[in-house]
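Report on one structure; see the data block that follows.
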Amino acid sequence: MRSSWIKPRLGKDNVTQINFARNGYITEEMDFVAKKENLPASLIMEEVARGRLIIPANINHLNLEPMSIGIASRCKVNANIGASPNASDINEEVEKLKLAVKYGADTVMDLSTGGVNLDEVRKAIIHESPVPIGTVPVYQALESVHGSIDRLTEDDFLHIIEKHCQQGVDYQTIHAGLLIEHLPKVKGRITGIVSRGGGILAQWMLHHFKQNPLYTRFDDICEIFKKYDCTFSLGDSLRPGCLHDASDDAQLAELKTLGELTRRAWEHNVQVMVEGPGHVPMDQIEFNVRKQMEECSEAPFYVLGPLVTDISPGYDHISSAIGAAMAGWYGTSMLCYVTPKEHLGLPNAEDVREGLIAYKIAAHAADIARHRAGARDRDDELSHARYNFDWNKQFELSLDPERAKQYHDETLPEEIFKKAEFCSMCGPKHCPMNSKISDESLDQLKDKLEECNSSV
């Protein structure tokens, strides 16, 4: 679909959506997104130009169906997949991708760290993906030197970053906000640094006693990104890994640097979103969202969770979906899903499904709370189907039709019960909705009550 769109842009110094928008040009991607979001294309262009909305769309990802992330559009959900040294293979990761797309992932991140050829798994995922693909290049940078921090050079980081761009990665998590002077602020935390990318860079800085190379070479990375229209996802290396560490000096010091880097990326006309926590008590979520908007000049916010309790291993998708719904309500643009395996192991296909559905609920709830146009239409349609006992319509409109039908059919499997005016909870005699009170009866009752009141 995008080949004809991209061809005229080839060879230009800057092919980013924000560059076109700032020059008053509505790209095919902007027009496509406008139709998906039911918004004017002119508004999409204005929001992209302002930096409040991004369209992650690498020019080498030709089978991509463009989408947007930003406060003007629907709240989006990202799903993480990826192989590890201990589990998974390329075919399994491609199947996870397909499952994630099936259940509504708006973007997918390949977080592979080993166990497979990282280039091959990434190519396979991009080739199969209609949604934007994100990566964390420092993982492969470390893998390329067989885990030896002392052998990892600044140029190694940039080489891997450009390789990901060439392969069609739409956005990359760049942990450029972690500075060497931030590291002492981690003292006193319970869980220290929980970001894998942040941990790698912290070790690099401590070993070489030098500033973060992703910070010192940030302008070079911008020059790479604008050739491919790769989007920055500025990583939060010091995100809190537990409630105790939330909103501390370390996190907020890095956030200030992320704001500086956001504006530097915009100076190069490169798209950017900013990543956020993590583990945050419910009463601090609004503060975290507002603080990011203030420090980062309203660049789209992309949060992991946040989890609102630390005692839910095995159920962290529930704990975090609570925080995610609140974050979305307060203005977060994209929610990174958490699966039931979070903190416990590598998620399988079923974990991907469970995590995604939990987060689609959270994002949808946020859109309803923010009064986005049409956000509640599907809910109202399902409610009408429920009141009319249209079981098949209820299944069809649900976020997970297969699960809804499975649960209904566990107790009433025969096809005749798809027309029944009850389920197994109340049975035929006690369901309040199958004894429908007509509007006419209610009007008559209202008239009688008014007569009684007027005669008193």
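Positions of Cβ are set from backbone N, Cα and C atoms, glycine also.
Within Asn60, Asn63, Asn80, Asn348, the residue that Swiss-Prot lists together with Met109, Tyr139, His175, Ser195, Arg196, Gly197, Asp236, Ser237, Leu238, Arg239, Glu275, Tyr302 for binding substrate is Asn80. Of all Cα pairs drawn from Asn80, Met109, Tyr139, His175, Ser195, Arg196, Gly197, Asp236, Ser237, Leu238, Arg239, Glu275, Tyr302, which the record names as binding substrate, the longest spans 20 Å. Distance from the CA of His279 (Zn(2+) binding site) to the CA of Ser195 (substrate binding site) is 12 Å.
Secondary structure at Gly197 (substrate binding site), taken from DSSP and collapsed to helix, strand or coil, is helix. Among the listed binding-site residues, namely Tyr139, Tyr302, the Cβ with the most fellow Cβ atoms inside 10 Å is that of Tyr302. For His279 (Zn(2+) binding site), the binding-site residues whose C-alpha atoms fall inside a 10 Å radius of its own C-alpha are Arg239, out of Tyr139, Arg239, Cys423, Cys426. Spacing of Tyr139 (substrate binding site) relative to Cys431 ([4Fe-4S] cluster binding site) is 55 Å (Cα to Cα, whole number).
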